[in-house]
Protein chains: 2
Amino acid sequence: MRLLNLLVLGILSFCLAFPVWAGDQDLLSRARRYFEPLPEKPPALKGNPLNPYKIELGKMLYFDPRLSASHLISCNTCHNLSLAGVDIQETSTGHMWQRGPRNAPTVLNSVFNTAQFWDGRAKDLEEQAKGPVQASVEMSNTPERVVATLKSIPEYVELFRKAFPGEKDPVTFDNVAKAIEAFEATLLTPNSPFDRFLKGDLRALTAEEKEGLRLFMEKGCANCHNGINVGGGMYAPFGVVERPGADILPPGDKGRFAVTKTASDEYVFKVPSLRNIALTYPYFHSGKVWSLEDAVSIMGSAQLGADLSPEEVRKIVAFLKTLTGKQPEIVLPILPPSTDRTPRPILGKVK
Amino acid sequence: MRLLNLLVLGILSFCLAFPVWAGDQDLLSRARRYFEPLPEKPPALKGNPLNPYKIELGKMLYFDPRLSASHLISCNTCHNLSLAGVDIQETSTGHMWQRGPRNAPTVLNSVFNTAQFWDGRAKDLEEQAKGPVQASVEMSNTPERVVATLKSIPEYVELFRKAFPGEKDPVTFDNVAKAIEAFEATLLTPNSPFDRFLKGDLRALTAEEKEGLRLFMEKGCANCHNGINVGGGMYAPFGVVERPGADILPPGDKGRFAVTKTASDEYVFKVPSLRNIALTYPYFHSGKVWSLEDAVSIMGSAQLGADLSPEEVRKIVAFLKTLTGKQPEIVLPILPPSTDRTPRPILGKVK
């Protein structure tokens with residue numbers, strides 16, 4: 001009798017749970033067609049084999065403000081690893097308090113992007129690293145001064161030797177960029193709730209988050225924001241359906257057009273990764289939108305021609321928050337002191 | 001016969017080594033009258049009991065640029081823990097790229113200074129922490145905006161509750177300063193070669209470094225630079241014997257006179273700690289001197305009326321380098337995200 005009761009109860013539970021479970025399995029199958037979990041380890045870098053010395057050197061360079069003319073600005077100033085690899089500013093502030101033209105993209109997981117910068121003008125992180133160091137509105141330095149600075153510091157020379165074994169003159173601007181790329185490749189945020197879901201843990205997302213994921217795929221968001229980085233893999237015009245106002249899409253910045261000089265690339269930008277998006281406000285290349293709800297709503301109308309309801313927006317945002325992963329644990333590097341040969345900081349105009 | 005040989009050899013060795021050993025013992029005894037080894041643990045803070053939550057909260061606040069109006073400048077900007085707690089600038093650069101009037105003193109071991117700032121106008125680190133946050137040329141913020149910022153971030157509110165248990169409204173500007181003081185009190189650099197010597201390891205210093213220590217005491221440097229921090233314990237006029245040029249001692253900055261309004265305090269400054277001095281260039285309140293050799297030489301003529309020979313300077317510098325201790329190992333804090341209620345950054349003039 002008791003056994004029979006249990007059996008009935010079991011069958012009942014199964015029947016009640018089955019549609020949910022089957023729905024979740026189906027959601028997971030669909031999600032796996034779009035997305036991949038974030039790896040725990042960095043991928044191999046083309047022409048830049050990783051080794052522990054190179055990663056440590058890259059970390060030191062990443063935090064060293066002496067890469068800038070003023071000795072005040074480091075990579076970490078605009079890609080702050082306490083703040084999910086961004087500077088939580090509309091656009092970045094650089095040398096002499098000048099404002100840059102675009103919002104700083106996060107360095108986290110950026111190794112999985114198809115190219116770097118909002119317009120994809122750098123093919124990888126090595127090429128990217130050389131940009132801000134030289135940009136007059138950012139670090140405003142020259143490759144020559146960077147190399148002279150590093151060569152004036154014996155501890156750096158020694159570390160370059162270990163990081164680039166067998167090279168005769170390892171302290172070069174190319175190797176500075178390679179070391180920074182090596183460190184940046186380790187800046188991954190695995191094990192987000194969404195990653196756990198993708199790996200098969202159906203309880204890693206709440207019902208609302210699952211609804212958000214479903215909407216994210218059904219409404220078309222995932223057509224551009226997909227792959228390992230939930231974005232970062234392709235280019236798209238901002239305003240496929242409806243161009244947003246000049247406050248959000250300043251007419252002076254034509255995006256990828258400046259790189260390719262192709263008319264069809266006007267207002268085309270790299271689709272940004274949405275990993276850790278809840279932490280990397282404000283949004284878009286202009287940094288003009290501070291709330292994730294607003295950003296989702298604007299994307300709906302501008303890219304999909306979809307007037308998302310407040311409830312739909314709320315669910316999609318709930319899903320997007322599951323893309324926040326474990327932030328990298330960084331022990332602050334101790335930087336070796338300058339010497340009498342180290343070029344002094346320049347606080348005024350450089351050239 | 002063999003035993004006798006050994007005995008003779010032993011006695012001979014002892015006779016040869018004894019004068020050196022006795023000289024070292026004497027040097028150590030004299031040094032112990034001036035100096036104390038740096039403790040490994042922070043001291044108790046008056047009215048600010050330490051607890052792990054408070055120290056962790058203080059670390060987060062120390063690294064959080066949202067304590068500044070621009071959201072660009074944190075305590076760590078000018079007291080960079082990758083750079084021995086300084087910014088390796090003549091004087092600091094703050095809000096809108098304005099230059100402050102004095103060289104940033106190191107935060108390392110500063111809990112053992114008798115007072116804070118070059119003119120000693122803050123009695124402790126709690127009082128000190130409130131200064132730069134509000135100074136218009138530094139972080140240019142207001143206590144109200146700091147508190148509003150922190151109260152807008154639930155994770156901070158929770159941490160303040162844990163750090164200040166039993167307080168009804170723990171998110172206050174006073175508690176911000178208390179938490180920062182608690183963290184800063186942990187920023188110690190023990191176990192320098194000189195500390196090991198003071199603790200009795202006679203081989204912790206080389207012959208040249210010992211010569212430097214001897215000169216440091218005999219020439220009179222140790223009359224002001226003494227105690228745990230080899231300085232930081234008293235005030236002295238810059239130019240006791242001979243006032244240096246206006247390039248090094250700008251006539252506009254009368255030091256402690258601005259605090260006490262006492263004529264005898266003109267050009268009086270706090271004697272800085274010399275711990276980690278090899279890392280905290282450039283030197284003096286004006287930051288005008290970049291080489292430690294030059295700084296020692298200037299101190300000789302200005303403070304002691306002593307024309308130190310290049311050899312004496314070299315030996316004293318060799319000794320000063322033994323004051324570099326183990327730098328604190330800091331795991332970069334991960335800062336909680338802003339919310340819609342968080343005040344936005346202000347990049348222009350604040351008031």
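Each residue, glycine too, has its Cβ placed from N, Cα and C.
Per TrEMBL, the features are as follows:
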BINDING   A:Cys75, A:Cys78, A:His79, A:His95  heme c 1 binding site
BINDING   A:Cys221, A:Cys224, A:His225, A:Met299  heme c 2 binding site
DOMAIN    A:53-184  domain 'Cytochrome c'
DOMAIN    A:207-324  domain 'Cytochrome c'
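Of all the binding-site residues listed (A:His79, A:His95, A:His225), A:His225 sits in the most crowded Cβ setting, with the most other Cβ atoms within 10 Å. Under the DSSP three-state reduction, A:His95 (heme c 1 binding site) is assigned to helix. Applying an 8 A CB threshold to same-chain residues 6+ apart, the list for A:Met299 (heme c 2 binding site) reads A:Cys221. Within 10 Å of the C-beta of A:Cys78 (heme c 1 binding site) we count 25 further C-beta atoms, all protein chains included.
Cβ neighbours within 10 Å of A:Cys221 (heme c 2 binding site), excluding its own Cβ and spanning all shown chains: 27. It is A:Cys224, among the binding-site residues A:Cys75, A:Cys224, whose Cβ has the fewest other Cβ atoms within 10 Å in the structure shown. Taking the Cα atom of each, A:His79 (heme c 1 binding site) and A:His225 (heme c 2 binding site) are about 22 angstrom apart. Same-chain residues with CB within 8 A of the center of the A:Cys221, A:Cys224, A:His225, A:Met299 CB atoms, the heme c 2 site residues themselves not counted, are A:Phe216, A:Gly220, A:Ala222, A:Asn223, A:Gly231, A:Val271, A:Leu274, A:Gln303, A:Leu304. A:His225 (heme c 2 binding site) sits 24 Å from A:Cys78 (heme c 1 binding site), taking the C-alpha atoms as the reference points.
As a summary of secondary structure, the domain 'Cytochrome c' (A:207-324) carries 47 helix, 10 strand, 61 coil according to DSSP. A:Cys224 (heme c 2 binding site) has A:Cys78 as its nearest neighbour among the binding-site residues A:Cys75, A:Cys78, A:His95, going by CA to CA distance. Across the domain 'Cytochrome c' (A:53-184), the DSSP tally of helix, strand and coil residues reads 65 helix, 6 strand, 61 coil. Per-residue pLDDT, averaged over the domain 'Cytochrome c' (A:207-324), rounds to 95.
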